[in-house]
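Novice: OK, TrEMBL features for this one:
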type    : residues                                                       : note
BINDING : Gly203, Gly204, Pro205, Gly206, Thr207, Gly208, Lys209, Thr210 : ATP binding site
DOMAIN  : 182-559                                                        : domain 'UvrD-like helicase ATP-binding'
Amino acid sequence: MSQINDVAAREVELERVQVSVIGELFDERLAGAREQLAGVLASPPDGAGEAYEREVAAGRLAREVRRLEGAEDGLVFGRIDLADGTVLRIGRLGLHRDSDELPVLVDWRAEAARPFYEATPVHPMRLRRRRHLRLAGRTVVGVSDELLDGSAPTGQDVLGDGPLTAALQERRTGRMGAAVATLQAEQDAIVRSPHRGVTVVQGGPGTGKTVVALHRAAYVLYAFPKAAERGVLVLGPNARFLDYISQVLPSLGENDVVLATCEELADVAPGASDPVEVARLKGSAALADALAAVVRSRQAPAGDFEVRVGQEWIRLPDSDVAQARESARTSGLAHNRARRLFKELLVDALVRELARSGAETLERIDAQVAQLTGLDLDRVAAADLRRLGVDEAPATGADVFDADAVRAELLDDASLDQAVEDLWPRLTPGDVVQALLTDGDAPAAYLRQFTDDQRALLWRAPGAPWTDADVPLLDEAASLVDGPPEHAFGHVVVDEAQELTGMQWRMIVRRCPGRSMTLVGDFAQAGPATVAQDWTEALGPHLGRRFDLRTLTVSYRTTQEILAATEDLLARIAPGRPPIRSIRRGEVPRTLAAAPEPLVTTLVRELRAQAAAYPGELIGVICADGRTEQLAAAGIERHARLVPASQARGLEFDAAVVVDPAGITAARPGGERDLYVALTRATKRLCTVTVPPAVKIAR
Ligand SMILES: Nc1ncnc2c1ncn2[C@@H]1O[C@H](COP(=O)(O)OP(=O)(O)OP(=O)(O)O)[C@@H](O)[C@H]1O
């Protein structure tokens, strides 16, 4: 025993020395970047060009400082010893000294680091040994080795508990941490996949889908420079979830990933939410066609165009208007941009008309004068000019007409613009959605595939606040009237992707023209607005049927006991789904009945008991959305995180207390899936508190 301890202590000491050398180089790099940044900021720019260059350089250096600072904690976590004696240390970022051939620290995403994650005794990938380092701050406090080539342990090998076990035993903090040191082979294979198109990762609760998605985002930034140039977007279901995952990428040295919800992406803050049946209808991609039809209906409906120019009314025939409309529509420009083209084409037609009618008027005057006086005015004018010694032909009406000047004047003319506005009005996204869902005749005209009842559900009162299900409609309308979103991304990661409606998928695809995406989710955990049953159905219309589908099979969160307790529920909500395995053991879930005492009394007693027995652990109380207010008012948040069931997806706690499971099931359609999500949030203990149904007292 003491011999083993001696070996471990000696190896820890050796690693300490190496890690402190790496730490010194890291400090040098960080100090260098900070110094350079301070230098750039201190030097006054000479002129606008230099100010711009300074800004660019300062931005780049500030990013570098943030990248280094983010990766400082747990900078070095692994080492691989190749069979030929080469030693590589693996860390959150790469460090290299020009004087050395081998890197001082290999970035975990580099190809050279792959065996650290993927080597097994069956496929050792030329490794003899894989070593995990455990650090407290900068100091190595433990090492643990795996021998991969079948060789016998030597006096330098420290075999013991796996690092994964240690990682999983850590307390939850309310924020997810990176799993970069312990990514498992099946996860790593997805993170490092060379596939640049759409990758879908499915798996039961706690199988590491979020872990894979976030490490994949970091990998894409490292390995796919073209995608990295355009940036990476991580889309999550709500702000609470984004807060939960917000630390992972910065701790991998990646600060420039955009984390957003659909609302943030569309830049719309909804003021209400729709009932589920309305949200489902609004999520249907059929609404995209309807919105497009509304916009088309506002583009120069049939008819002549009449406008007052100076003292005259000029009329353009329907055919001229139709031609301008078709050219503007087929230009590929969005409605408000195509309006300018439409106006220019109308003005061109007007100018032609003015030139023609001007020439006609002059000819008519000439003819009248000739009839009255017998004089040919053109000939008289030519003779006058000859007498004056000018030999030029007199200007005709057409020559006098300055088409360019008239055109410019018309384009600037306010009354002409107003006339165009009547024909092709500038629209806001809100106008379009409002026109579809509020105007009396629009639903019947554009939503023919819906029944009368469905159309009635879709109707919204004029001036009502926008709802969360309106957000993708507004975004669609924005793309129709103002064009595609300004910012597109090179790669998009979607977590809880089973939640997205057809209209939301359209939002995402608009922002990722390269269709390079990592989508992770689980249909057994789908919320009530989800209508698709599987990935092919959900993605087919938007991304096609060809995607790389991967399945994770091991749960790193949900204990075997909790998985067993939820087996029947899973069989009901996802019949035929093969069960997942868990590598965690814990307590058998308990059930408490909140009767005859009030619920809050039972709950507070339970939370106090747990806090006393397991101090410092993170407890989540999950309840039906409608009960949150009551529990918040009773001060439950002093003891635990209080989470409405609709927002529990993706979250994790040491212990979960699920309040009134029957209430969660009944709260909204698909409530059994909400309950499944709630029951699978704990890493250690689950307790459900049942509430007796309210008794109706007959009078
Ligand atoms: N390789 C790993 N090393 C250490 N911890 C891991 C690993 N993989 C997953 N975990 C941990 O397991 C827990 C569950 O992971 P994650 O949240 O990614 O699962 P999920 O599949 O997204 O779950 P859900 O379906 O509930 O959203 C997290 O605490 C995560 O850090």
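Just so it is clear, glycine is given a Cβ too, placed from its N, Cα and C backbone atoms.
Curation does not apply to TrEMBL; its annotations are automatic.
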Novice: May I have the list of same-chain residues other than Gly203, Gly204, Pro205, Gly206, Thr207, Gly208, Lys209, Thr210 whose Cβ is within 8 Å of the Cβ centroid of the recorded ATP site, in sequence order?
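Specialist: Nearby residues not in the site list: Asp522, Leu552, Ser555, Tyr556, Arg557, Ile580.
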Novice: From the binding-site residues listed here (Gly204, Gly208, Thr210), select those whose CB sits under 6 A from an atom of ligand 1.
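Specialist: Passing the 6 Å Cβ check against ligand 1: Gly208, Thr210.
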Novice: Would you mind pulling the DSSP three-state label for Gly203 (ATP binding site)?
Specialist: strand
Novice: Might you list, by sequence position, any residue in that chain lying six or more from Pro205 (ATP binding site) with a Cβ less than 8 Å away from its Cβ?
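Specialist: Expected: Asp522, Gln525, Ser555, Arg557, Thr558, Tyr676, Val677, Thr680, Arg681.
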Novice: Tell me, roughly as an integer, the mean pLDDT over the domain 'UvrD-like helicase ATP-binding' (182-559).
Specialist: 89
Novice: Long-range same-chain neighbours of Gly203 (ATP binding site), Cβ under 8 Å, sequence gap at least 6?
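Specialist: For Gly203 (ATP binding site), the qualifying residues are Lys209, Asp522, Thr551, Leu552, Thr553, Ile580.
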Novice: Which residues of the same chain, at least 6 positions away in sequence, have a Cβ lying under 8 Å from the Cβ of Thr207 (ATP binding site)?
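Specialist: Leu552, Thr553, Val554, Ser555, Tyr556, Ile580 - these are the non-local Cβ neighbours of Thr207 (ATP binding site), listed in sequence order.
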Novice: Using CB atoms and a 10 A radius, I'd like the single residue among the binding-site residues Gly204, Gly208 with the highest neighbour count.
Specialist: Gly204
Novice: Taking the Cβ of Gly206 (ATP binding site) as reference, which residues of that chain separated by at least 6 in sequence fall under 8 Å from it?
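Specialist: Listed in sequence order, they are Ser555, Tyr556, Arg557, Thr558, Ser582, Glu652, Thr680, Thr683.
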Novice: Tell me which residues of the chain lie with their Cβ under 8 angstroms from that of Thr210 (ATP binding site), as long as they are six or more apart in sequence?
Specialist: Met176, Ile245, Asp495, Val520, Gly650
